[in-house]
Amino acid sequence: MTETADLWPQLLGQLLDRQSLSEAQAEQLMNGWLQNQVPDVVSGAILAALQAKGVSAGELAGMARVLQRASLGSPLDLSLLVDTCGTGGDGAGTFNISTAVAFVVSAAGIPVVKHGNRSASGKVGSADVLEALGVNLGAEPERVRAAVAEVGITFLFAPQWHPAMRAVIPYRRALKVRTIFNLLGPLVNPLYPNRQVIGVYAQELVPVMAEALRLLGREGAIVLHSREGLDEAGLDQPTDLGILSGGLVRTEVLNPADYELTLAPTQALKGGDVAENAAILTQVLQGSGTPAQQDVVALNAALALQVAGVAPDWRAGIAQAREILARGAAWDRLQQLVHFLKA
């Protein structure tokens, strides 16, 4: 017990010296948090020190492994499984772009396990808007899991699948600033997707998150941040990408001006309250949103389609996503999920 008690101040000292934790140390720390072994004062100091130092890929990977193992899920027996969960936290108040993307990708025939929560950034999280559109957030876990095979998409409401994380809620609420937990959500999907698109709230996180995904064994991923400040690919400025493919991470820049898209400022992508965002999502998935709304979803869906291996390049992915949106197939997929989770 003394040995464990001595460990936490040791880890804090290491972080204050601006030395990153190893993956093993990060696992120890997360286990300590979940088992309520770390004193509150030390926990707060560790979270602040991590944030001040800058989170490393190894710290993210180590903590994510523990949280995934502690979740109520387990891997699905599928060779291809995609998630489009981002970090949120960009503060831009856009409509739920990555949520719309999930239904486009599913309508393309790719199994999707969308992991999400209530709002972390602007006004409306994926769980908020999907609940407003009729998705049962309280469906039984086995029903949620079965939706992947039966519908082609499911939604995992994070608090239902991560009961162990209740242990860390007091630290997060007390600090009222961003912590490593804001980054862990997209990495701990309980159904273990092997391919992901993750938007992050800061450019410097792109290579860090991409490397964390590599350490966690993902087969393919794109991590992105738009220079407009979005955790999505926008229609005004280039987007920085960290691409994980073949076990290697490379960086690229995606310029919307190169792809015959509707170029538009962030203002054109704004959402509102839950009802407004639900209305926008309905229009977009039915193919009747504004040109900017339709195209920002098509662009971000193209990234996911390429990660999934069904689009040879972004241009082809954009065309495929536009066609899916135009015929209302993504809306049909949402209605199928609503019906299945209510049964």
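Including glycine, each Cβ sits where the backbone N, Cα and C put it.
Database features, via Swiss-Prot:
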{"type": "BINDING", "residues": "Gly86, 89-90, Thr94, 96-99, 114-122, Ser126", "note": "5-phospho-alpha-D-ribose 1-diphosphate binding site"}
{"type": "BINDING", "residues": "Gly86, Asn117", "note": "anthranilate 1 binding site"}
{"type": "BINDING", "residues": "Ser98, Glu232", "note": "Mg(2+) 1 binding site"}
{"type": "BINDING", "residues": "Arg172", "note": "anthranilate 2 binding site"}
{"type": "BINDING", "residues": "Asp231, Glu232", "note": "Mg(2+) 2 binding site"}
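Projection of Swiss-Prot feature records onto the structure.
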residue: Gly86; record: 5-phospho-alpha-D-ribose 1-diphosphate binding site; contacts (Cβ under 8 Å, 6+ apart): Ser98, Pro186, Val197, Ile198, Gly199, Val200, Asp231, Glu232
residue: His115; record: 5-phospho-alpha-D-ribose 1-diphosphate binding site; contacts (Cβ under 8 Å, 6+ apart): Asp83, Cys85, Leu156, Ala158, Gly185, Pro186, Val188, Asn189, Pro190
residue: Asn117; record: anthranilate 1 binding site; contacts (Cβ under 8 Å, 6+ apart): Gly125, Ser126, Ala127, Phe157, Ala158, Pro159, Gly185
residue: Arg118; record: 5-phospho-alpha-D-ribose 1-diphosphate binding site; contacts (Cβ under 8 Å, 6+ apart): Gly125, Ala127, Asp128
residue: Arg172; record: anthranilate 2 binding site; contacts (Cβ under 8 Å, 6+ apart): Thr179, Phe181
>> When DSSP is mapped onto helix/strand/coil, what comes out for His115 (5-phospho-alpha-D-ribose 1-diphosphate binding site)?
In response: strand
> Three-state secondary structure of Thr94 (5-phospho-alpha-D-ribose 1-diphosphate binding site) from DSSP?
Replying inline: strand
> If you run the three-state DSSP split on Gly86 (5-phospho-alpha-D-ribose 1-diphosphate binding site), which class comes out?
Replying inline: coil
